[in-house]
Amino acid sequence: MTWRSRLLSPSGIAAVIGVLLFLFLTIAGPVLFLAAAETSNVPDRLLAPSLARPFGTDDLGRDIFSRVLVAARVSILLTLGATVVSTIGGIAYGLIAVILPRHVRRLATGLLDILLAFPWLLMVLFFTVIWGASAMSAMFAIGISGIPFMARLVYNLASSVSGRDYVRAARVVGVGPIGILVRHILPNIANPLFVNAAATASVTLLSFAGLSFLGLGVQAPEYDWGRLLQDGITRIYVNPLAAIGPGIAVVLAGLVFTFVSEALSDTRGGGRGAVARRALGAVAPTRRAGMAATPRQPLAVGEPVAEIADLRVAFATADGGEVERVKGVSLRILPGEVVGIVGESGSGKSLTAMALAGLLGPDARIATTAHTFDGIDMTRPLSPVDRSTLGVELGMVFQDPLTSLNPALTIGRQLTEVPEVHLKMSRTDARAHAAAALEAVGIADAPRRLSQYPHQFSGGMRQRAMIGQALTGRPKLIIADEPTTALDVTVQRQVMGVLRRAQTDTGAAIVFISHDIALVSAFCDRVLVMKDGVVVEELDAQRIREDATHPYSRALIACLPDMTSDRTRPLPVIPPDVAASALAEEVGV
Ligand SMILES: Nc1ncnc2c1ncn2[C@@H]1O[C@H](COP(=O)(O)OP(=O)(O)OP(=O)(O)O)[C@@H](O)[C@H]1O
């Protein structure tokens, strides 16, 4: 839903009217109503409600309605102040916790959990008692007591985003932790944070009213709605409106905060986009001292563009052990070569490809005897120059472009990153370059499309935009991890055509991962068949039917229908037990 349609919805209109009303009261209330609110007029004391004085007068003859209007400024400013304290504190704590090393992070989240288990109101009372009863100390007490809740929310949201493909991809091209947080994580969690902050504001308002009512908030002669409530409660049986009036103000302001929170929720590209735009300056390749760039030399004839030898990838198990998911895979990709990897789900295809790109997370335990990309030794810590080379020469196309394109940034912003940051182009040149890349993958009206967000693209267009992103550099290798699995057959053909054209235009090598052995053999030069973390067979793509000898490869091929297949019969399936025992014999695992 766009901002426009949100604002025109009933809750949007209510939010706008409410915000304008309370804004007016905050600015003009004390100017317009101060005289009636604060001038004592003893002959008029304790008057009953009337048209002229809707809530009656207090024991000094002051108009209670005017006092409620004047109190709006203090009540709302204190509420906003406390909300800002808890929001900023929570965002800072939550985001810093996400980038801490694992053990310190556990401590930080453990502390949060302890604070969250502690009753919130007790914490507020604790701080107000320590700092003394005043409006400011109440504001900080409420604000600080709200930090753990906000920090937990930020931490959870940021953790869920930090594992996304686009964050991993940003890491590999050298965006530092602060850049990742500000540019890729914060914009994607900003929307729920805004919503939560607005919703928290109504609770904060009630807390202020409560504290002032208890005599721990705003002190006389100052007054907010809570204090007025306290003054009126003593006469509740004589003049109920003296207490109900300030209560109505609290309820109305709370409703406005709730409407604002509803209007903020579910808007795309607005709140998040705004934060993203403000954050654009945060993109910078990480500079690490003491790391020499690998000297750049053209590849010798026959030298692979990427190579990984005896790759083993393991993960820790809950019982403290380790489970190996990739068991000694070796892969050598020559310039311009198209290599397919097929295998059942969980056979280790993606792990192998991610390891090749240096994109596996810190939870993966990786061992290799050699790992190079275009002459860069990937087993060493990479220098900023190496990372820049990777950003320009390595393209990734993932299965789900919705998780690999950053939803908070326009397509243009994402496609100009490599030309601007790594190819050092000016913003205008980078945009023209990105538009050309979009056109190269068959997206019409590219300049306009660059200003759109990923959700405004169809699935096939998003996938083509991902391929276009790879083309904005000078790709030597494109890793396409099941790029067509989520697409229907027609769109699948278009995307395969675009990938093929990208390969012939740039001369890049491609590693193409799929479950679909027919698709892989039609597209690739060579096919690796994987099962249970092992490459069980390597075949010439043109001759897989003739050359396949391994039982698992033969079983995969047997599942393919051909001109002689009886279409009235169900397709054969690979019996798991038979295949497993045959494999055990074959590969000795
Ligand atoms: N971060 C992780 N932690 C623990 N196990 C993991 C992790 N990532 C992958 N695995 C496991 O490693 C195995 C291989 O995963 P991988 O993603 O390479 O499979 P795949 O062959 O690409 O499968 P699919 O075709 O379904 O994507 C799977 O059993 C998976 O559960």
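For all residues, glycine too, the Cβ spot is worked out from N, Cα and C.
Marked as domain 'ABC transmembrane type-1' by TrEMBL: 72-261.
The domain 'ABC transporter' annotation in TrEMBL covers 306-557.
Residues or ranges marked as transmembrane segment by TrEMBL: 12-37 (among others).
The transmembrane segment annotation in TrEMBL covers 76-100 (among others).
With a threshold of 8 Å between CB atoms, the same-chain residues lying at least 6 positions outside the transmembrane segment (112-132) that come near it are 93, 97, 138, 140-142, 144-146, 148-149, 151-152, 155, 207, 211, 216-217. Per TrEMBL, the feature transmembrane segment maps to 112-132 (among others).
For 138-157 (among others), the entry in TrEMBL reads transmembrane segment.
Among the features that TrEMBL reports, transmembrane segment is placed at 169-187 (among others).
Residues annotated as transmembrane segment in TrEMBL: 193-216 (among others). Only residues 6 or more beyond the boundaries of the transmembrane segment (193-216), in the same chain, are considered here, and those with a CB under 8 A from a CB of the stretch are 75-76, 78-80, 82-83, 86-87, 91, 121, 124-125, 128-129, 133, 138-139, 141-143, 146, 149-150, 153-154, 157, 224-227, 229-230, 233, 246, 250, 253-255, 257-258, 260-262, 264-265, 271.
Here TrEMBL flags 237-260 (among others) as transmembrane segment. Here the transmembrane segment (237-260) has Cβ contacts under 8 Å with residues 11-12, 14-15, 18-19, 21-22, 46, 48-49, 54-56, 58, 64-65, 68, 71-72, 75-76, 79, 198-199, 201-202, 205-206, 209, 225-226, 228-229, 231 of the same chain, all six or more residues outside its ends.
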> Roughly where does the domain 'ABC transporter' (306-557) sit in mean pLDDT, to the nearest integer?
Replying inline: 87
